[in-house]
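What TrEMBL records for 111, 146, 163 is active site. Feature annotation from TrEMBL assigns region 'Disordered' to 241-307. Residues or ranges marked as compositional bias 'Basic and acidic residues' in TrEMBL: 279-293.
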């Protein structure tokens, strides 16, 4: 039952309230059923997946496999209730706190939660580049969205995540280019009778779990209806090159953290990062996001005050 966590303990109150409201809508005696389950003493204990721990000598590919196994053991959330509220505009430090809560509650998750959890579990792999990859597909008159965490390990690309479909989650870091990875996802969608419509690529995520910067989710937005196959490949490789340049030249001063409160009101972005040319109407380069960042800064100050 999803009224208790995998250790048999009640979940936190906000999560429990969301579950109760959902049960009350679909079951006429939802509250009574919930109380009966919560009060039962003979329920079998469901094993809690262990958060992977690594030796310093463990190769990165083996660590990624262990992280993916852990995400898979949490299982996909088919209940229709979102157990963890994720706001993409939250600072990275807040999302990492939420990821820690996920490991504590060990409840089933969906794709966006798996991305946040993947970032949290790979923060100590400082040689690994992580970036979000979002997909928009079309099937039977409806549009569907999915997201995974792209990774670059020693020049080879792969992905972490969770999905209802086995072929739309984990990809071992064996792809020589970013375009090969995306084309593999496209082929997987084709086998599921989905047509890939858009791909959104973010920039690399900081390894500092206390950073108050936001994740850049949509540095490049590629509309496949407006791109030829060759142009699509070129745009993917251009994004990969942008990430390499940003990492190679550095991103300026270190990202502000909770301990450096004086600088929180004006975190600096990397000046060495190349500006993308807005050659297509629906693609937004990172240079156009600065006004939005300035508006979001009061929220960052408020977040730090709450911490």
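Each Cβ is built from the backbone N, Cα and C atoms, and glycine gets one as well.
Counted within 10 Å of its Cβ, the other Cβ atoms near residue 146 (active site) come to 22, all protein chains included. For residue 163 (active site), applying a Cβ distance below 8 Å and a minimum sequence separation of six or more within one chain yields 76, 111, 146, 148, 169. Counting every protein chain shown, the Cβ of residue 111 (active site) has 21 other Cβ atoms within 10 Å.
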